[in-house]
Structure formats: C-alpha cells, structure tokens
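Annotated features, as they stand in Swiss-Prot:
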type    : residues                      : note
BINDING : 78-91, 285-297                : NAD(+) binding site
BINDING : Arg99, Arg109, Arg138, Asp227 : substrate binding site
BINDING : Asp227, Asp251, Asp255        : Mg(2+) binding site
SITE    : Tyr145                        : site 'Important for catalysis'
SITE    : Lys195                        : site 'Important for catalysis'
Amino acid sequence: MTRKYRIAVLPGDGIGPEVMREAYKILNILKDDFSLPLEIKEFNIGGAAIDQEGVALPKKTLLGCENSDAILFGSVGGKKWDNLPINQRPERASLLPLRKHFNLFANLRPAQLYSELKNLSPLRSNIIKNGFNILCIRELTGGIYFGKPTGRLKKNNIEYAFDTEIYYNYEINRIAHLAFQLSQTRNYKVCSIDKSNVLNSSILWREIVKKVSKHYPDVHLSHLYIDNATMQIIKDPNQFDVLLCSNLFGDIISDECAMITGSIGMLPSASLNEKKFGLYEPAGGSAPDIEGKNIANPIAQILSLSMLVRYSMNLKKIADKIDQSVISVLKKGYRTADISNNNDYLKTNEMGDVIASALISGE
C-alpha cells in the first residue's frame, strides 16, 4: 500500500484563509493530476481558534499536527485580538508554541528576485541586472531571544535591562550541517554571518562552522561580520547563495533580503526540525488591512507549499514544477495588486487559477 503524505492545513487569520484557498488548488492538482497520495486535514489556529474554541492553539490542532508529516500555515493575528494579554494573542500563543513543540530549529527564507519583477526592487538596475537568489538559513531556537538571565531592573535609582546570548555547540553544529547540505542542492556557497571580532558566542559560532565545513570540501565557505554583510547585500546580492545566521542576525538579514526583492507577498518560508518535519508559511503577516478584498498575493503561500513538497516530502521535481508554474505566469505578465504598476491586475483567486492552469499544462 502506498504511504500517504499527511498535511495539516492551518489557514488562520486575516488573508490566511484567502491565500490558502489558492494553495488548495495546487494541492488538488497534486492529488488528482500528479497522483500523489495526500491526506489533507484542516484545523483552527490563531484568532479564528480563539473565537471558536477559546484558545489560539487548541489541543485538537496540536494533535492533528503531531499526526501529520508537515504543516501548511497561513497567518495569524489582527487588531481584533490586540486587547488580549500579550501571551494570549494569536501570534504569541499559537505560532511560537508550535515552533517550540516540534523543535523547529532551522528557518529557511528564500529571497529571489525574478527577472520579470526587477522594477520592484529598490536597488539600482546595474546591481540587479543578473537578479539574485539567496537562501537565508536562520537558527531559530537558540541565541539571545531565549538566553537566560534576562530582565529589567532598577538599582540606586538607575534603571537597566539585560539579555543573554547563549549558543551551545550542538545548536551551531546542526544548523551548519543543514546549511552546507542545502548549498549542495544550489550553488555550493555558504557565507556564515557573525560578530566574532566582539562576541564570544560568535567566536564559538565561527569555530564550529569551520569544523563542519571540513565535511563538505565541495562547498566554498566564507565569513562576514553582520555589519559588513548588511552592506554587501545591498552592494551586490548576487554574490551570495546560502547565508548561515544566528537567531538575531538571521532575523535582521532575512528581512533585508526580503525588502530588496520588492514584495514580501512573493516570499515563502520554512521552519524545520532534525527529522525534516516542517512548518511552511508565507514570510508576510496576516495583512488585516486587505482582508476580504480579494487582492492578496497568493504566490508566497503557493511557494510555501512548494517548499513543503521539496523538503518534507523530498519530491524535488514536483516542487520545481510548482516553482516553474509561478515563473511562467510572471513571464506572461500576470500580476496581483502588490506587484503591478497599474490598475490592471489579477484578483487573488484569479492568480491562483492561472498558476494552477500553468501547473496542469506543464508550462
């Protein structure tokens, strides 16, 4: 009997359900036209779950995710729930617990400038003439966001605050191995970002990355300090392939990479654990300002599904076909509002339709 791939679908809030409907079109094609044995189950998450079940991450949802091979996530949050205590708000009470529960230590953020969308980038045309395709790999469960002690105190009428950057060798080791392995599916280049001229945690980071690199002699390793890296990305993004970053530095640099592509509505992301179980979601948020207007760009959600197929299902050729269907519609001039220079653009459902048609026809 053929093993089924079990996918937990969590549409969430804001534009999440709208763009997820378009991802469903691709999922149905994978089932019906590509004959993939998919078992798809949908669960509540975020504000929608608060409204219907009283909590942002219901036990039923968590159990459904545990019984799945991957999670396809929409978005959570919105003004409606901003009056709740911060730890009960959709973002804090659903997405973060999911990451922790499944030990999703690696965040993958591709930032690709498609040649058809060069006009959207804030960079000069001579800099981006060849486009760029960067994969930012961010360590997600360690570093200064989770280090102890942390706090805010007052002594002798002087107020002060402090945080602690801690990295254990195994945390750096596993994220480094993943970066080198993924670079071998791309252009065999890893640039590790640190601040080893100042920080002890970065000194350890660089030492371990160098040791790990010896297992991958075919991959070229370079190092940059975070301050120089932010400048180099603006100067020549095409020089980079895989960026390997700590939690804090990856948080900064992945958003910079996203910005220079011109539209966050195009960008997917993945968070993986050591078993390649993953949570896949658009890099943007719930965008409540455009909710219900049928103008959200579904491409990031569709490309998030492509990443799920690539990394959790290990079906590279099919993932490539999904990616190519997106490129095909962009080459034909189809645009959503966020990437259009005029009022001639497709609605959310229309963009989903043309991508689905391109996938079926193999364009």
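Numbers here mean position along the shown chain, with the first residue as 1.
Even glycines carry a Cβ here, placed using N, Cα and C.
Where Swiss-Prot records a feature, it is marked here on the structure.
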residue	record	DSSP class
Gly78	NAD(+) binding site	coil
Ile86	NAD(+) binding site	helix
Arg109	substrate binding site	strand
Arg138	substrate binding site	strand
Lys195	site 'Important for catalysis'	coil
Asp227	substrate binding site	helix
Asp251	Mg(2+) binding site	helix
Ala287	NAD(+) binding site	coil
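Here the candidates are the recorded positions Lys195, Ala287, Ile295. The one whose C-alpha lies nearest to that of Asp227 (substrate binding site) is Lys195. Ranked by CA distance from Lys195 (site 'Important for catalysis'), the binding-site residues Gly78, Asp82, Pro90, Glu291 have Pro90 at the top as the closest. The shortest Cα-Cα distance between Pro90 (NAD(+) binding site) and any of the recorded positions Arg99, Arg109, Arg138, Tyr145, Asp251 is the one to Arg99. Annotation for the binding-site residues Gly78, Pro90: lowest Cβ count within 10 Å of the residue's own Cβ, Gly78. A separation of roughly 15 Å, to the nearest angstrom, links the Cα atoms of Arg99 (substrate binding site) and Asp251 (Mg(2+) binding site). Neighbours of the Mg(2+) site: apart from Asp227, Asp251, Asp255, residues of the same chain with C-beta atoms within 8 angstroms of the site's C-beta centroid are Ile226, Thr230, Leu248, Phe249, Gly250, Ile252, Ile253, Ser254, Glu256. In this view, Asp82 (NAD(+) binding site) is surrounded by 11 other Cβ atoms within 10 Å of its Cβ, with every protein chain counted. Spacing of Arg138 (substrate binding site) relative to Asp251 (Mg(2+) binding site) is 7 Å (Cα to Cα, whole number). Around Arg109 (substrate binding site), the same-chain residues six or more apart in sequence whose CB sits under 8 Å from its CB are Leu135, Cys136, Ile137, Arg138, Gly250, Ser254, Cys257, Ala258, Leu267, Ser269, Ala283, listed in sequence order. Taken over all pairs of the listed substrate-binding residues (Arg99, Arg109, Arg138, Asp227), the Cα spread reaches a maximum of 28 Å, rounded to the nearest whole number. Each of the binding-site residues Ile86, Ala287, Ile295 was ranked by the number of other C-beta atoms within 10 Å, and first place falls to Ala287.
Ranking the recorded positions Tyr145, Asp251, Asp255 by Cα distance from Ala287 (NAD(+) binding site) puts Asp255 first.
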